[in-house]
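Copied from TrEMBL, the annotated features are:
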type	residues	note
COMPBIAS	1-18	compositional bias 'Polar residues'
DOMAIN	62-452	domain 'Major facilitator superfamily (MFS) profile'
REGION	1-26	region 'Disordered'
TRANSMEM	62-81	transmembrane segment
TRANSMEM	101-122	transmembrane segment
TRANSMEM	129-149	transmembrane segment
TRANSMEM	185-209	transmembrane segment
TRANSMEM	221-248	transmembrane segment
TRANSMEM	268-290	transmembrane segment
TRANSMEM	339-358	transmembrane segment
TRANSMEM	378-399	transmembrane segment
């Protein structure tokens with residue numbers, strides 16, 4: 001009798017434990033994914049956590065400020081800089097190679113900072129690293145305007161030839177031109193700071209968004225983020241063309257000089273950089289206060305790891321323990337993948353073409369078709385930016401609805417690229433300079449001794 005009671009008691013206890021085990025496991029799971037209040041709170045300092053700002057700790061609010069950051073980067077780097085290069089050549093007596101190096105300094109700054117920023121990004125609060133980058137971009141924009149405020153007013157009536165007369169008279173403006181040419185170092189520095197500041201935008205910012213979004217949300221959020229990076233250059237070309245129609249010295253209206261009737265016109269190239277620098281400075285303040293993680297991000301990251309690695313906890317732990325010593329072997333593994341290497345070369349070739357067109361396209365139009373700097377800027381902006389947007393849209397639709405395998409998609413890219421190259425090579429020879437009549441007179445200069 002006692003044995004029966006004992007057995008029945010054990011069964012009741014087992015049934016109770018089996019019923020309670022899901023509840024216990026659910027409680028343990030909730031404890032595991034419980035958010036750290038210090039990591040999910042908006043704050044600018046541990047002692048500065050306004051309660052009224054905690055409602056902004058959402059991915060949608062972060063997306064708003066990151067989109068503005070991407071817009072500003074495209075506005076200044078791919079818009080304002082490319083639209084004013086020919087104007088800077090005229091104003092500061094620079095060669096094409098010197099002005100081209102201005103555009104290249106952005107890539108130099110980005111490459112130098114890309115790996116360190118990416119490596120330390122997961123260790124620190126990414127919103128603050130992005131804010132520091134925007135602050136650096138703001139400084140770069142303001143540095144870009146220094147030559148306008150440290151030089152004399154533009155004098156378009158002064159002679160520019162460095163040749164001397166036999167009578168001994170010289171052009172004193174030649175020394176001034178040499179001094180103005182030294183400002184190229186200021187432009188190089190400003191563009192280098194642009195590259196340094198923009199390096200977190202397409203590494204840390206993308207990872208920051210993705211870590212706090214579900215798989216279903218990532219596509220729409222990242223699509224909006226990258227779309228703003230295309231709208232920025234379009235607006236930069238548009239505003240750059242408008243500013244170049246304004247005389248460089250505000251408040252001065254030359255009666256015998258207009259943007260369309262002379263090549264000596266210099267527009268207000270510097271106004272756009274003041275706008276972009278101020279806009280970057282404004283974005284820094286709210287972006288600096290975003291939390292390290294958002295509410296619910298711990299569960300999202302766990303689900304993504306489970307989806308990627310299954311139940312292999314050892315694999316997840318191995319991925320978390322990677323450090324700087326594993327960087328070189330990882331690079332070696334990537335470089336041993338021929339598909340990745342050749343696709344990277346293809347992307348680099350596309351970047352060379354796009355960078356060359358956006359940088360020197362306005363100058364080519366000015367030289368071949370004798371148009372003003374503002375007209376050339378408008379034309380390049382209206383052609384290049386919508387084409388890029390349409391290409392991204394059509395490419396995405398083709399991939400979405402064609403269901404082509406990867407090999408077929410690669411062959412399609414190769415065929416379209418060949419078609420583009422052949423069409424370009426057929427168009428450029430027809431753009432001759434028949435309307436330009438250049439006469440060169442070679443005069444033999446005879447050196448004479450001074451009369452006494």
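Each residue, glycine too, has its Cβ placed from N, Cα and C.
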If I count Cβ-Cβ pairs under 8 A between the transmembrane segment (339-358) and each of 62-81, 221-248, 268-290, 378-399, which range comes out on top? 378-399
Quick test of the contact rule: Cβ under 8 Å, at least six residues beyond the ends. What residues does that give for the transmembrane segment (101-122)? 77, 81-82, 85, 88, 129, 133, 184, 187-189, 191-196, 198-200, 203-204, 207, 324, 327, 355, 359
What stretch, picked from 62-81, 185-209, 221-248, 378-399, has the most CB pairs under 8 A with the transmembrane segment (268-290)? 62-81
Contacting positions for the transmembrane segment (62-81) when only residues 6+ beyond its ends and CB under 8 Å are counted: 102-103, 106, 127, 130, 134, 137, 141, 191, 194-195, 198, 201, 205, 208-209, 212, 221, 224-226, 228-237, 239-240, 272-273, 276, 279-280, 283, 286-287, 290, 294, 358, 381
